[in-house]
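Novice: Sharing a structure here in structure tokens format.
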Amino acid sequence: MNQDILHRYLFDNADVRGELVQLQESYQQVLDAQAYPPVLQILLGELMAATSLLTATLKFSGDISVQLQGNGPVSLAVINGNNLQQLRGVARWNGELTDNASLADLFGQGYMVITLTPDEGERYQGVVALDKPTLAACVEEYFNQSEQLPTALWLFANGQQAAGMFLQILPSQEDHHQDFEHLSQLTSTIKAEELFTLDAENVLHRLYHQEEVRLFDPIEVSFKCTCSRERSAAAIKTLEQAEVEAILAEEGKIEMGCEYCNANYVFDGIDITTIFANGQNSNIPQ
């Protein structure tokens with residue numbers, strides 16, 4: 001089965017919506033960029049699944065960023081995405097990390113920043129502390145603060161595959177909290193191995209075979225990095241020309257590497273002259 005897909009579903013007998021995401025190739029492309037320790041491989045998988053699930057709730061075209069920061073050995077873990085379910089991510093850390101490290105062990109006094117940037121309209125940013133035992137619980141707290149709608153998440157990753165499930169009450173005149181609690185209890189019986197090996201139809205049948213579930217068409221999830229030679233040139237142009245020329249004189253070239261995908265962009269003296277002489281970077285040789 002395709003291992004990089006997201007499904008939305010609705011319960012016809014309750015105002016509750018759900019999502020299920022299963023990732024493999026796109027997850028591996030994120031991990032391939034750096035030699036991440038096992039605990040960060042799992043964290044990035046959970047964060048990637050969470051970002052995909054969050055992205056599927058957006059009602060606009062635009063971008064999303066889910067960023068974890070702190071003063072611990074892991075200074076940053078971030079997944080960026082858009083409404084097309086195109087994701088990329090990276091983490092930065094210092095020293096050795098134990099396989100069973102908690103969020104607090106990794107980030108110290110940490111927090112999560114979720115930034116929504118519509119193609120049209122105002123940007124929204126929400127911040128919650130990383131003071132819960134799991135990433136899923138921290139994302140649930142974000143929804144409690146921002147949308148005030150009961151929300152539940154389940155996130156799994158093992159370094160090879162990542163997956164997640166999402167439930168949320170729909171705005172309604174009626175009280176469906178009891179339905180939500182019932183469906184949450186059913187969903188809580190899911191096992192990571194089931195999400196890694198079963199397709200969406202079988203997962204939903206396994207969990208909700210006594211419920212009326214409407215499953216919508218799958219949405220492909222993919223890895224997509226937004227780096228380019230032009231963007232790298234634009235970054236060089238923001239630096240002092242004398243500083244760039246000093247590096248060029250010493251190294252013979254300027255190299256710009258992308259930590260998201262490992263792409264490497266090299267600029268020689270002619271390129272640098274063009275960058276600073278021309279406001280349009282599109283003329284830089286490829």
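Keep in mind that glycine also has a Cβ here, set from the backbone N, Cα and C atoms.
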Novice: Regarding the disulphide bond with Cys225, report which of Cys138, Cys227 Swiss-Prot records as its partner.
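Specialist: Of the listed candidates, Swiss-Prot names Cys227 as the partner.
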Novice: Return only the integer: C-alpha distance in Å from Cys225 (disulfide bond) to Cys258 (disulfide bond).
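Specialist: Cys225 (disulfide bond) to Cys258 (disulfide bond), Cα-Cα distance: 9 Å.
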Novice: Please classify the secondary structure at Cys225 (disulfide bond) using three-state DSSP.
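Specialist: Going by the DSSP assignment, Cys225 (disulfide bond) belongs to neither helix nor strand, so it counts as coil.
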Novice: List every residue in the same chain as Cys261 (disulfide bond), at least 6 positions away in sequence, whose Cβ is under 8 Å from its Cβ.
Specialist: Gln29, Ala33, Arg88, Cys225, Cys227
